[in-house]
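J.: Before I ask anything, here is the structure I am working with.
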Amino acid sequence: MYTTRSSTITILLVFLGLAGCYAEKNSKIEAVAFLTGPVKNNVVPTGNVTFTQNACGENVHVRVYLTGIVPGKHGFHVHEKGDLTNGCTSLAAHYNPEKLAHGGRTDEIRHVGDLGNLEANEHGVVDTTFTDHLISLTGPRTIIGRGLVVHEMIDDLGKTAHPESKKTGNSGGRVTCGVIGINIHALSPLASSTSCPPSKHTQPTFYVPNEQPHDHVVIPLLTTGYHYSPPYTAYHHTVYPYYSFY
């Protein structure tokens, strides 16, 4: 136990410098988003995206599997809100807490939510994995409770002269979307008590069904699935109290 004032101050500074990152190294957290969109050419664009962070502060591993996507490249972004009351439209803009210009996933200057492009094959399938250094499942850049969108066109990564290039990558409308929630079935035994605490400054604004308070994260009940009916009304949700936002 630390008893001196200097030791206490040192510990406090380290704590603040790590943005509240006090997770055990083996406390893995996994999040998932189930995406769906309007029917187009008798096909519903749908699928799931899994985010895994093995420890606080580490890169996030992303796995994407989608079907019913028009072949070609499509912008892929985390959006500010997890609000599906008006379908994909109500997810607001790209998640950009640092108010930077739009860019590519590997760019130094980019939105936190800028995840580049996904590419659908000739069968309309996206099946890919990648790692991102900027998004997080904990701390001040958490994407939990935020929206996830696949756009209709290629993201130009902020590299063209189009007026939307530095804002959205000029990637067009929203083809399919969902809300990112904690996969409680994948939490390590330590995660519920030792994971990085959420930041109070950059928490998402999101919609909770059935008029529940908006200070909790929406988490899909994965045992029963994540079902939608037009226009994207979400069912089978629960709230995981540890991730309450104070």
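In case you wondered, yes, glycine gets a Cβ from its N, Cα and C as well.
The domain 'Superoxide dismutase copper/zinc binding' annotation in TrEMBL covers 46-180. The signal peptide annotation in TrEMBL covers 1-23.
Structural setting of the listed features?
T.: Looking just at the domain 'Superoxide dismutase copper/zinc binding' (46-180), the mean pLDDT is 96.
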J.: Tally the residues of the domain 'Superoxide dismutase copper/zinc binding' (46-180) by DSSP class, grouping H, G and I as helix, E and B as strand, and everything else as coil.
T.: 7 helix, 59 strand, 69 coil
